[in-house]
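**Student:** Okay, these came from TrEMBL:
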| type | residues | note |
| --- | --- | --- |
| TRANSMEM | 6-29 | transmembrane segment |
| TRANSMEM | 41-61 | transmembrane segment |
| TRANSMEM | 73-94 | transmembrane segment |
| TRANSMEM | 106-127 | transmembrane segment |
| TRANSMEM | 147-168 | transmembrane segment |
| TRANSMEM | 250-271 | transmembrane segment |
| TRANSMEM | 291-309 | transmembrane segment |
| TRANSMEM | 316-335 | transmembrane segment |
| TRANSMEM | 355-379 | transmembrane segment |
| TRANSMEM | 391-411 | transmembrane segment |
Amino acid sequence: MAFVDLFVVALVPVLKTLIITAVGLFLALERVNLLGSTARHHLNNLVFYIFSPALVASSLAETVTSSNIISLWFMPVNILLTFIIGSALGWILVKITRTPIELHGLVISCCAAGNLGNLLLIIIPAVCEEKNSPFGDTVTCSTNGKAYASLSMAIGAVYIWTYIYNIIRASGTQHNTSTVDIENFGEVPELLSESCTKVLPPKDSVQSGMDHEAQLAVPLIGYETTDDQGHVKKIKQHIKIWTQRINFKMLFAPSTIATIVGILIGVSSLLRKLMIGNEAPLYVIDSSASMVGEAAIPAMTLIVGANLLRGLKKSAVGMWVVIGIQVIRYVALPLSGICVVKAAQHFGLVGSDSLYQFVLLLQYALPSAMTIGTITQLFEVGESECSVIMLWNYALASIALTLWTTYYMWILS
């Protein structure tokens, strides 16, 4: 297929995303105020508790089976590599630009964590629906693509709320040693992640986490090294500290639970026969969940646009930091992704499914995760800087993402 045809196929879904994002930004303006903070909060609740879990569960249940789930094992590894490579490049960036220490966590997080949920759920089905798509049958492509994107969203959410959360928390602890006040956040944060919004921890758990983080820096003393009971006590203390540092309520958010439910239905032959397929006796449940889940993509995109409005009002971050993040996210990471996926294909770690390889490649070329803004608000560090970074990040995504999507389809077709 000609490169120009592929460019048009790649451009259309990105333009759709930009148009809906622009509508969300317009609705958030003070003169319109249809997507103000209160409206975003309620829409966030619907996406978080209803729309996203329904989309994830129905997509995975319809496509994941006991035979093909084994072939998807490389996706968690691939996403982990995006975080590792991005973190390393982000660390180099903060050293070169001499970024203030309280912003180290923000910069590294923006380089490491991509929007693995929202954009993939929008772009993959849209690419499949184009008449010149190189991925074959439209229905099969859309169904498999939604499953790949849903699994990507769930895995990315786990990494973000274990790794990125603690990086920014470390910066927040250094920047502000006073108690973090998050009472105004409610049950669901104002910003929407690419992987979907997660429940924020209560105030006591955040402060407790900071206290435990401080404890990690203090050597445990008072035990004899030869005393076996003392060693056991030390191990128990370390286990207790690390388990309290990880907020399991955030890890097992609705979308994560929906992922587990969807996979269980898909791999269980009995449940699959009961719920999946037009002839299944409980097909109406899967059909209803799929119908509700269709509202997730436009709702998420509107909220992304509304959240970007804050970046137009403030510019408190250095120009070279912003430029460096864009270079890492749209040049260095995509090139690294080509090397990783091609190497995995060479050694037989991924199958021959071109759509699956396309999703793996695209995970390296996405803009930063919107959840980062939520976490910076939580710890009151780098909030305005994050808004500016996100604004430029998503503005450039219209060009960079289109070009990389086109190139990835070209090398896979």
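For all residues, glycine too, the Cβ spot is worked out from N, Cα and C.
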**Student:** Hey, which of 41-61, 147-168, 291-309, 355-379 has the most Cβ-Cβ pairs under 8 Å against the transmembrane segment (250-271)?
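**Tutor:** Highest pair count goes to 41-61.
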**Student:** Take the transmembrane segment (73-94) and find every residue of the same chain, 6 or more past its ends, with a Cβ under 8 Å from one of its Cβ atoms.
**Tutor:** 103-104, 107-114, 116, 148, 151-152, 155-156, 159, 163, 321, 324-325, 328-329, 332-333, 336-337, 340-341, 344, 349-350, 359-360, 363-364
**Student:** Find the member of 6-29, 106-127, 316-335, 355-379, 391-411 that has more C-beta pairs under 8 Å to the transmembrane segment (291-309) than any other listed stretch.
**Tutor:** 6-29
**Student:** For the transmembrane segment (391-411), which stretch among 6-29, 41-61, 106-127, 355-379 has the most Cβ pairs under 8 A?
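**Tutor:** Most Cβ pairs under 8 Å with the transmembrane segment (391-411) come from 6-29.
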**Student:** For the transmembrane segment (355-379), which recorded stretch in the set 6-29, 41-61, 106-127, 316-335 gives the largest number of Cβ pairs separated by under 8 Å?
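**Tutor:** Per the Cβ under 8 Å count, 106-127.
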